[in-house]
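Per TrEMBL, the feature transmembrane segment maps to 26-48, 60-78, 98-119, 140-163, 199-225, 237-260, 272-291. Residues or ranges marked as domain 'G-protein coupled receptors family 1 profile' by TrEMBL: 41-289.
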Amino acid sequence: QDAGNHTLLTEFVLSGLSSRPELQHLLLFTICLVYSMTLVGNLLICMVTAHPTLHMPMYFFLRVLSFLDISTASVVVPKMLVDLLSEDRSISYLGCVTQLYCVVFLAATEWYLLAAMAYDRYVAVCRPLRYAAVMNTRACLSLVLLSCCSGKVVSVVQTAWVFTLPLCGPRRIDYFFCDIPPLVTLSCTDTSLYEKQLISATVLVIFVPFCLILLSYTCIISSILKISSAESRHKAFSTCSSHLTVVTLYCASGTLIYLQPKSSNSQDAKKFFALIYTTVIPTLNPLIYSLRNKEVKEVLIRVMAVLMKK
């Protein structure tokens, strides 16, 4: 880079959620509360789904999803809380690279995991006689490993691509963590090619799994409607609707964040959707799955009773 025209960035400064001082304490309290709920709720789901009575692939995938939710929130929220308490909101270049890598890796892995969960539901409802053979332990572990490997590839490519762009001053990132859209706006070169690549990556990471999920659920709903027992139909719909609710939340927030990455007039909206994605959805997942699943609720009540006695 030409040092006479641009400043080489060695660290960044995050603007945070809001520049209004009167909101800092309210935001701090709210985010602390939500983060605590995320940790407690997802840790409980991990404990509950490890119970011997819930030794099924669906609950194994749910346990992995809860672990990913804890990780996603923990990559973003602690730094956000520190920034709310401090006037120094700087983050090192390496810290920014690491945070971006982790956020993209976890987000992409979750999407592929949601597709794996949809496939599990498809086999359970549409191929019940072959379910035990198809969704065995090896198959479940393979699907999780494939999700992680796919997420890693996406994360390495996106992180490398962003940080090979010539990033120039000002070093202020108008965001509360290092993410692709605000980092792209710091580039001092034409980013139209990168923005097209990002849209392609968004399609690959979000819409391809989403289409596979929709295809799975089209087959599932068709099979459910053929079930004669009203109780069985209700149970199947309840399980599937929980998963679809989570998928819809992820799809809506992810699409609104990563499409049109350099659109400055929607930066506040992107902050809001990023906050939903990184803090609110990880909190909602345990509620969505536990409140709509009778078996999870029963085991959760037993686990809570044991914990209360201690």
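Numbers run from 1 along the shown chain.
Cβ coordinates come from backbone N, Cα and C, glycine included.
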*Under 8 Å, at least three CB pairs between the transmembrane segment (60-78) and the transmembrane segment (199-225) (pairs 6 or more apart)?*
no
*At an 8 Å Cβ cut-off, counting only pairs 6 or more apart in sequence, do the transmembrane segment (237-260) and the transmembrane segment (26-48) clear the bar of 3 or more pairs?*
no
